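Report on the structure given below.
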Amino acid sequence: MELEHESKRPLYIPYSGPILLEFPLLNKGSAFTEEERRNFNLHGLLPEAVETIEEQAERAYRQYLDFKNDADKHIYLRNIQDTNETLFYRLLDAHLNEMMPIIYTPTVGEACEHFSDIYRRARGLFISHPNKAHIDDMLQNATKQNVKVIVVTDGERILGLGDQGIGGMGIPIGKLSLYTSCGGISPAYTLPVVLDVGTNNPQRLNDPLYMGWRHPRITGKEYDEFVDEFIQAVKRRWPNVLLQFEDFAQKNAMPLLNRYRHEICCFNDDIQGTAAVTLGSLIAASRAAGRQLKDQTVTFLGAGSAGCGIAEQIVAQMKSEGLSDEQARARIFMVDRFGLLTDKLPNLLDFQNKLVQKSSSLAKWDVNNDSISLLDVVRNAKPTVLIGVSGQAGLFTEEIIREMHKHCERPIVMPLSNPTSRVEARPEDIINWTDGAALVATGSPFNPVKYKDQEYPIAQCNNAYIFPGIGLGVIASGAKLVTDGMLMAASRTLANCSPLAQEGQGPLLPLIDDIQEVSRKIAKQVAKEAQIQGVATVTSDGALDEAIERNFWKPEYRVYKRTSF
């Protein structure tokens, strides 16, 4: 009752008239009461009827249904977000399963490609390299003063779409919408940021309406110094903020994470979030088959920072189940465009070197040339798990999937590339090629597959199962860093929420409609692990539960009282 009372306290604000109506965090639209209309000089600026938020949401949903394509639905929802954020999140609460693919993947990819064309209103911060001397001033200009979560991108690797320049801003905006709708983090505490370091995309550079810095991307020392200036400015402005790196190119993603993960509370969702949700899904899938993860043999298509990040988390879990480091790594096969990563390949990246296969262990393999293909690996290594993070459509061919099924009664196939147009194989094909035996999880949403009068649910291995709970756990506990142990706690908690693993039937991952409860559970275990690892103050379980609920924002209108400047 005490927490409920806190949420219903009046909010004292100084704004009135048209200024108040233009403030998305405070605007209630037609839901301003008669008293509020009188006190805040709103009479005549609104229609006569005073409505509830439920009535507003019903109207908004009817309007939403009038749009026939997903891109227009995205623009419509973004317009509501930019005019009345409470209504926006109330609408998402009621229709999250339907609207998540609209506000984020896959539709957000198209919005990023056309960012300058569909631009309506500023949101977040655009930190451009030509203004690098004024980063502190730009952070002071943010309309939100008490920022607790920042999602930042430089727009170079947007989903599977590549360099979109400042169009990449659509990703931090969408991601933070999920922090709020899935993890209960108040929109007043979130800030999307794009670092405008130029673009190498000729379509953007030659577009007369492109709104970003029309310049080739800065690189090397110049780039590193600019990012560092931003990080140091953030530390000065909001020293306790959680910073999420999003959609940075492979050449920058891991170095930035390694450089700053012990300096500021930060993580990279493409590397660590993807790894955490994939690991949670694999633990659950293994349990559903009556096995442990250490019993699986895993092949990856895609050996970039995301793929290698997932692989390292799998190694850590296998070791916790009793394997040695060497034994665990021997069960992981990384394939990229040049073939299987082995100790004979030159010019490997640092994070790839620990995941190579020893050539001596492959001596008896039946292969025809020096480049060992994915099909070669499937034939010889006989994987039980196949994970795609290549960003290339159709590479899980019928021949590869059927070959895998020859030696694996219930293969686990996870084509994780986004958006839908880049998926390695479509779920209906995988189900058909394995005669309904495969357990499939994808990166983008897919409808259930019907095969031989049976319906197969397709789990979306969506990072939204993980990062909102991490954010909530960090805020509730006051954690100073995001550790590997905290990420592992998130994975294991997600696995414990799997209907298939717990009940032997149903989907591999929880329903999206249950994601807020999943986020609460993840937040608690992340916070407890932060305390165990010494990056958060130790409190009781009860105090932690209370902190999580206190920080779990709900889209409800507060009563407003007038104050003066």
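Note that Cβ sites are derived from N, Cα and C of the backbone, with glycine treated the same way.
Record features, source Swiss-Prot:
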{"type": "ACT_SITE", "residues": "Y104", "note": "active site, proton donor"}
{"type": "BINDING", "residues": "R157, D270, N418", "note": "NAD(+) binding site"}
{"type": "ACT_SITE", "residues": "K175", "note": "active site, proton acceptor"}
{"type": "BINDING", "residues": "E246, D247, D270", "note": "divalent metal cation binding site"}
{"type": "SITE", "residues": "D270", "note": "site 'Important for activity'"}
Secondary-structure category, per DSSP, in which E246 (divalent metal cation binding site) falls: coil
Whole-number Å value for how far N418 (NAD(+) binding site) lies from D247 (divalent metal cation binding site) (Cα to Cα): 12
Rounded inter-Cα distance in Å - the residue listed as 'active site, proton donor', the residue listed as 'active site, proton acceptor': 7
Maximum Cα-Cα separation (Å), residues R157, D270, N418 listed as binding NAD(+): 11
C-alpha spacing of D270 (NAD(+) binding site) relative to E246 (divalent metal cation binding site), in angstrom: 6
Inter-residue Cα distance where the pair is K175 (active site, proton acceptor) and N418 (NAD(+) binding site), in Å: 14
Proximal but sequence-remote residues of the same chain as D270 (NAD(+) binding site) (Cβ under 8 Å, at least 6 apart): R157, F245, E246, D247, F248, A253, S305, A306, G309
Around the Cβ of E246 (divalent metal cation binding site), the count of other Cβ atoms that are within 10 Å: 28
Under 8 Å by Cβ from the residue listed as 'active site, proton acceptor', same chain, sequence gap 6 or more: Y104, V151, P192, Q244, E246, D269, F467
Any further residue of that chain within 8 Å (Cβ to the Cβ centroid of E246, D247, D270) of the recorded divalent metal cation site: T153, R157, I158, I171, F245, F248, A253, N268, D269
Protein Cβ atoms within 10 Å of N418 (NAD(+) binding site), excluding its own: 24
Non-site residues, in chain order, whose CB comes within 8 A of the mean position of the CB atoms of R157, D270, N418 at NAD(+): I158, L159, G160, D247, A306, G391
Number of other Cβ atoms within 10 Å of the Cβ of D247 (divalent metal cation binding site) across all protein chains: 24
